[in-house]
Amino acid sequence: MEAVIKVISSACKTYCGKISPSKKEIGAMLSLLQKEGLLMSPSDLYSPGSWDPITAALSQRAMVLGKSGELKTWGLVLGALKAAREEQVTSEQAKFWLGLGGGRVSPPGPECIEKPATERRIDKGEEVGETTAQRDAKMAPEKMATPKTVGTSCYQCGTATGCNCATASAPPPPYVGSGLYPSLAGVGEQQGQGGDTPWGAEQPRAEPGHAGLAPGPALTDWARIREELASTGPPVVAMPVVIKTEGPAWTPLEPKLITRLADTVRTKGLRSPITMAEVEALMSSPLLPHDVTNLMRVILGPAPYALWMDAWGVQLQTVIAAATRDPRHPANGQGRGERTNLDRLKGLADGMVGNPQGQAALLRPGELVAITASALQAFREVARLAEPAGPWADITQGPSESFVDFANRLIKAVEGSDLPPSARAPVIIDCFRQKSQPDIQQLIRAAPSTLTTPGEIIKYVLDRQKIAPLTDQGIAAAMSSAIQPLVMAVVNRERDGQTGSGGRARGLCYTCGSPGHYQAQCPKKRKSGNSRERCQLCDGMGHNAKQCRRRDGNQGQRPGKGLSSGSWPVSEQPAVSLAMTMEHKDRPLVRVILTNTGSHPVKQRSVYITALLDSGADITIISEEDWPTDWPVMEAANPQIHGIGGGIPMRKSRDMIEVGVINRDGSLERPLLLFPAVAMVRGSILGRDCLQGLGLRLTNLIGRATVLTVALHLAIPLKWKPDHTPVWIDQWPLPEGKLVALTQLVEKELQLGHIEPSLSCWNTPVFVIRKASGSYRLLHDLRAVNAKLVPFGAVQQGAPVLSALPRGWPLMVLDLKDCFFSIPLAEQDREAFAFTLPSVNNQAPARRFQWKVLPQGMTCSPTICQLVVGQVLEPLRLKHPSLRMLHYMDDLLLAASSHDGLEAAGEEVISTLERAGFTISPDKIQREPGVQYLGYKLGSTYVAPVGLVAEPRIATLWDVQKLVGSLQWLRPALGIPPRLMGPFYEQLRGSDPNEAREWNLDMKMAWREIVQLSTTAALERWDPALPLEGAVARCEQGAIGVLGQGLSTHPRPCLWLFSTQPTKAFTAWLEVLTLLITKLRASAVRTFGKEVDILLLPACFREDLPLPEGILLALRGFAGKIRSSDTPSIFDIARPLHVSLKVRVTDHPVPGPTAFTDASSSTHKGVVVWREGPRWEIKEIADLGASVQQLEARAVAMALLLWPTTPTNVVTDSAFVAKMLLKMGQEGVPSTAAAFILEDALSQRSAMAAVLHVRSHSEVPGFFTEGNDVADSQATFQAYPLREAKDLHTALHIGPRALSKACNISMQQAREVVQTCPHCNSAPALEAGVNPRGLGPLQIWQTDFTLEPRMAPRSWLAVTVDTASSAIVVTQHGRVTSVAAQHHWATAIAVLGRPKAIKTDNGSCFTSKSTREWLARWGIAHTTGIPGNSQGQAMVERANRLLKDKIRVLAEGDGFMKRIPTSKQGELLAKAMYALNHFERGENTKTPIQKHWRPTVLTEGPPVKIRIETGEWEKGWNVLVWGRGYAAVKNRDTDKVIWVPSRKVKPDVTQKDEVTKKDEASPLFAGISDWIPWEDEQEGLQGETASNKQERPGEDTLAANES
């Protein structure tokens, strides 16, 4: 077994690379195969006959058990075995065809390959070497029959044609089915390969499927390939290979094949069978390394190419390893040349780099074979890695998915997986049986057992589906299919011009049914058998009623034989008459003109076709034969026309098509606009979606329409998130009155066709609300559905600017009534919008409906509405480019240069919208004068907002937010300046929408000005004849800009613009104006479609030439005029301010005084110091509530104001303030508290200021360091007495340690200050040792209740632990009560004895009156801690955890994974206590019971000092117990024992002579021996300590880190 595993593992590493299985996986697979009886011995794995049974068995196991590990391992092993056999066969074939000996080997296969002796010996684990005699015998040529030769030279004898050598000129490839070796006998002869072909002889490359000479010198035209692929996308970096005539010729690769391969890779992917077939075809013959790399660069992207290069290198290394072992390997030239290497195989050797001629001349045929085969194998690996196949086990047939589509997905996934080929068919068939729909599964179960392939199963299912019951839609599709012969006959007749007298087209013959003649001209005319027979229909002679021409109303011309009456030639089917009557007496076949209204360039805009008027068709379908090839089409939402037997694919016109019917007199019916379907049908059909629009009247409609109106073509499918599982929210109950109203509204919507009955698995609630008029409104709560949708992006970036309408043009406003209800939902999305109409008391089944149109409240409804209406109006925009049509949601505004043009355009727009299914409210059509649109009133020259109230009601933050939103909407029209918006912005600060707000005086004054402004200000409509001007200015609290005309003379504003709120701490005015100019230019182009003609800048820019860099960047590309003038009068309302470009701050020293500043967060002071002669002057400011940055800024501001008219140097160690002050070199807008402080100081100065930054606490000597140190010392100096410490604590409530450092007082004084604070000491201070552990058993217990759900119904466990011995007692209770606590303690006393004290939390069960009385009767002291806090209860809390873990382990061991049966709970609880108390825990050598009943006698330990509250170390103590984090110490004088934290204990080295000797020391403090300096007995104590460590008591296991 081990030898076989070793051989297989080596083969897998060779042929599988990094993904090879481990030896452990191979061994597990072999063990499984032997266990299942699939292998008699491991060596049977080498037999090809056993591969298929193993594959089938492992595949079935993976399907049944879901365990595919062995199958994956077997797939890799099988691949390695097959590759090894193929390599052996290839080697034998290569040797044979190259004339180097070896027998002719048949293609590899289980039946024809016999294991050689070497392999059989390897099966037995023997190491086998090949002798020289064996190799010679194997290499010797074998006598064979004369093969059929082709016209190329022979490898063995060199004969041109017809040689009798046992070789063929087109040798077989190493893999079955592909030709591999070309005729390259002369290539590389000068390297000593023994050929006779001269250097210049041309040897053609053997192409796939043929052999012969190449037509002269040629090359692979990579440049042409690159040009053809330029439009397809893949990056092409290959360069052409140029082969000169003096070198050996190399037949080029066909560029078309490479182009087609690259396109296949891009569209089908790397793993596609089509891709692999094309790659194998291109590489069926040897290629140069240059061609191989160029080919891979073309078809692979950068990342796959990098993977391929690595994989190719690995494959070539394998070839080199094989060639190294075998000197006569084909790559070594059969031993007649130097051995190959990696540089030669990659074309990197001398004379080969970038030289295709050198590669063709120097590479041996065997090397070319290895290069190409390795490249192909590397491509297969890259295809598997770059495009991993999807998991086939997760594929199931969808509810609406056809079986063929399901089979396509499944087969593609299985064939792209790593399953062995022999396992794929069984897997596919099993998936058919388990993953298809239930009805398909029943069909497959009933299938005969002889169906064993996927193809047979698919054919069987499709055949059975054909006899399924027919539906209405199926019958309609069958009729449509059956009518095609008649339609084609008539269409051909019309096209061929076969007309009778008077130009009328002839019908069908009464006798034979053929077109082109009547019965009278029929050559097959029969004489009437009974000329005297009378017709009962027309009372005529010579025919009966069945033969009467008047029967069908076809002007005496009956349908032919086999054709029923009407337009449906369906034999043995009910006759279906046309469901229409045509007032103009037209025939069903009409002449139609189609006009393309799109903007795409086409050869012809209009075409004439013949179409059938068909009321049985839901939609209009244009035959692909009639559809112009250059008219664009797109994929439809429903890509098929469904009917019996499935459907036919269809597409939809991308452009709107105008359809017009030509009457007999040549006139044109009213044309109709629609998006027709385009399909491969035998004749065009005008369906019900356009018959009414063409003036036809429909009667007796057959069947039920499956589409709504033309608008269905405009339905936009919704996008759902990946996890859009159905949502079901129950309908909440409604009162009877609202339920009646809901029922009425639902019935109304059902009659209008807005909803339809539903059986959807989605449901969301509906409700009604009463409107002001008293009627009810239906609302649908779609929040849960919206959460599953992917919102559409915004398609309209804001509302249109109405002032851009040309001045003086007449206007018309249209309103679309119920716009959402006029646009249908895509059919596949309707079920998600289902709801339930409940009944009272569930007395009847609830009725369920779903929306067919856009529901209100759906997140995508507004966007879809805008898209659909815009798509309907797009042809009109193209048809009337001069018409101004503003569309926002369901509101339309039309503007034309004349009243007549406006009326004509309005009628056309209304007609187009109505034909598309929309409704226009006639009473809402507005015409001048005084139209209103989007909240504005429009006149012939102005645009003014409407709807401002006298004074809004403000109560909350949300009210202020709504008001500010309304003002933001009005600002561009009214020009509300920033100073009037400031009071409202101030009220927006806050985070709670319900936070109270008041209508203060500032808001009232600002609102009064805004209302006054709305009565006088308005926008002027744009006059295209006048230049467009723009202006900007600085004003209070911001900047303002305007677009208009005549701004400097007679201002006519068209649009106001404002600077944005600052986002930085400080923004210079120059930057604000730069951003506003950029915004103004962009708004002009976006609104008016043109650049500003004249730009007015503030006068300061005229004085400062050239213009600043920021202004120049804002004016980049500006071609208009720039004027600098005083502020225009139009800005008076904004109170404009002068812009100063003067620089106020510099970073270079200036002549003048120097001040140093600093601030401290500990003292909350900011100071300024400066030198006056020999001494330093100091000025300081203190603010306990300010941050250190604000203190630094205030200190610098204080320094700036010391000498406001004198240049001043300010030195600071704050980088923050220094950088900010430098940015404030020019005037600007501050936005933070620090920036406001500095800006206020700079605005009061008239002289230059320099800010200099130095590093604090630097040791560099000099004036700056000295001044900074003085400022720092003054900022941090404080002399707080005890009273000031109390004041500091009262203000900040800091702790004693911080108070001690801040006020330079002792810790004891600081603690006393904190303890006197009533807010910081709601509980008394805890002394050290308040939570001691017992020094011996029965001194202190800890008790707690813990919940264990596994012990339900009595799931409360009372736990008591002895703090000295760690012994645990547990009892079980149903509730936490005082009685339960008392019962538990009585049990614990019976087990362990009566304790002196018990500590618990302060729960009611422990602090009740009855519990206190019970403890008093037993004489037990009781203390409490903090409930829910481990402080004081750490040991029992850890005991709870330890107990629960033990219960869980014991329960799972008995098979109780969740709840423990009641009958087993008592026994299991006893087992847990036994395990915890009677066995050692951790490193302890004694059990808790042993420590409890045989305690260790404690003796005094070494002397120590303890730290008392004053911070001093007190002597006179000895250690009794050293625990985890705490120690018990005993006073030598008073015998007082206390517990103190271990950090407050240290050895008392002054008392070493009084130390208790080691034989008297307690083992409980052995852990501290490493820091007790016993000099005289150091070694002895250490030895004792080592021995004592093994006897440390067990309480350390439960010791608490109690503070």
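Glycine is treated like the rest: Cβ placed from N, Cα and C.
As recorded in Swiss-Prot, the features of this protein are as follows:
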- ASP815, ASP890, ASP891: Mg(2+) 1 binding site (BINDING)
- 124-141: compositional bias 'Basic and acidic residues' (COMPBIAS)
- 609-690: domain 'Peptidase A2' (DOMAIN)
- 750-938: domain 'Reverse transcriptase' (DOMAIN)
- 1149-1280: domain 'RNase H type-1' (DOMAIN)
- 1333-1496: domain 'Integrase catalytic' (DOMAIN)
- 172-175: motif 'PPXY motif' (MOTIF)
- ASP418: site 'Involved in capsid protein dimerization upon acidification' (SITE)
- ASP430: site 'Involved in capsid protein dimerization upon acidification' (SITE)
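Within the model, the domain 'RNase H type-1' (1149-1280) shows a mean pLDDT value of 85, rounded to a whole number. Annotated Mg(2+) 1 site ASP815, ASP890, ASP891; additional same-chain residues within 8 Å of its Cβ mean position, judged by their own Cβ, are LEU814, LEU816, CYS819, TYR888, MET889, LEU892, LYS924. Classification of ASP890 (Mg(2+) 1 binding site) by DSSP places it in coil, neither helical nor stranded. Take the CB of ASP430 (site 'Involved in capsid protein dimerization upon acidification') and look out to 10 A: across all protein chains shown you find 15 other CB atoms. Across the range of the domain 'RNase H type-1' (1149-1280), the DSSP-based residue counts are 47 helix, 36 strand, 49 coil. Around ASP891 (Mg(2+) 1 binding site), taking its Cβ as the centre, 17 other Cβ atoms fall within 10 Å, counting all chains. In the structure as shown, the Cβ atom of ASP890 (Mg(2+) 1 binding site) sits within 10 Å of 18 other Cβ atoms. Each residue in the domain 'Peptidase A2' (609-690) gets a DSSP state, and the totals come to 3 helix, 43 strand, 36 coil.
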